[in-house]
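I have placed the structure first, in the form of structure tokens, so that the comments after it can refer back to it.
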Amino acid sequence: MWSSRPGIRSKRQVRPEQPPLRQQVLHPPCWRAGGSNLCPSTPEMLPIAVTPQWDLLGDFLSPPSPAPAMPVTVTRTTITTTTSSSSGLGSSTIVGSPRALTQPLGLLRLLQLISTCVAFSLVASVGAWTGAMGNWSMFTWCFCFAVTLIILIVELAGLQARFPLSWRNFPITYACYAALFCLSASIIYPTTYVQFLSHGRSRDHAIAATAFSCIACVAYATEVAWTRARPGEITGYMATVPGLLKVLETFVACVIFAFISNPNLYQHQPALEWCVAVYSICFILAAVAILLNLGDCTNVLPIAFPTFLSGLALISVLFYATALVLWPLYQFDQKYGGHPRRSMDPGCGDRHTYYVCPWDRRLAVAILTAINLLAYVADLVHSARLVFVRV
């Protein structure tokens, strides 16, 4: 009961509960990493808590009119405040604060930064790198350290919205490349350099650098496992299985290019030149797909992007199938001028340090061709199951 005199209550009143106001959330274009489309077909309504207003004597005053609803992009790292995944990362995302380093992903990136820094510092302190393979390992550690430092700075300063590339796709794309780079350095550096060093300070530093390179590889692979898309999750394309396979395909193609850097391996046969053309064409197409996603430019293609991805995977599978047959046939069959055994290749002597003989290069290219063919087949299968959503 309320008295007729304003501002005075005659009995104890019960404050009425006000229903929460709701704000409209507009979803941007999204990707669905599962077989069913669960993206909302209508704008989602999120509750907004409004504190009831009371005057000094306890009388309820009507709440002020809410401000006009503003569109909120829920997939931007700078706005999203919580993350959820099966890896235990379901904690608040702190943006633009040093506390971001205390989160699991922040601690993992600190481990990546320290591991790569220690790896190249140990090698540089004793000058323990020589030749193409040593230079590649040194470049890998320095490059990964620099890019990881940039990512940490962007996260700490909250500059994701101003970053020139899509922040939904860039960190996981880089993490996947860094894991592959460190894996290659962890294999190439000890097998082509460390084992030929004499016992001493340089060898000890090189072995320690290899160990830290392995730690960095595991750290980057863990980030990929934590941040990749789960079935039914809305995410960037590069976080899906086909997106990660694109990274693997381009990396393997780059390694193939390194092994066939000597034109004498393929210029004597048109069939081998066709194999080189296959590696180049498929690499360019996969690189274009990655760059379009990193730049959020998938709508510039004259055809639908899902159609482009499916056609890319199908063409690559067919091309690589021909290369898998022609390359070993013309490189290892005596009938076509090949060398079935390493001892029959005149270019393979007793030299091992900083040098990979032609027969070993041919064998490596054949193995990598088979690996990339399997990657493209998996890409084709997973692309058919991917649901593309634009809301």
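Each Cβ is built from the backbone N, Cα and C atoms, and glycine gets one as well.
If you look up TrEMBL, you'll see 1-27 marked as region 'Disordered'. As annotated by TrEMBL, domain 'MARVEL' applies to 100-232, 237-388. The annotation transmembrane segment is assigned in TrEMBL to 107-132, 138-159, 171-194, 206-226, 238-259, 271-292, 304-330, 363-381.
Looking at the domain 'MARVEL' (237-388) alone, the prediction's average pLDDT is 87.
Sequence-distant contacts of the transmembrane segment (363-381), counting only residues of its own chain at least 6 positions beyond either end whose CB sits under 8 Å from a CB of the stretch, comprise 241-242, 245-246, 248-249, 252-253, 255-256, 259-260, 265, 275, 279, 282, 310, 313-314, 316-317, 320-321, 323-324, 327-328, 331-332, 356. Helix, strand and coil counts from DSSP across the domain 'MARVEL' (100-232) read 109 helix, 0 strand, 24 coil.
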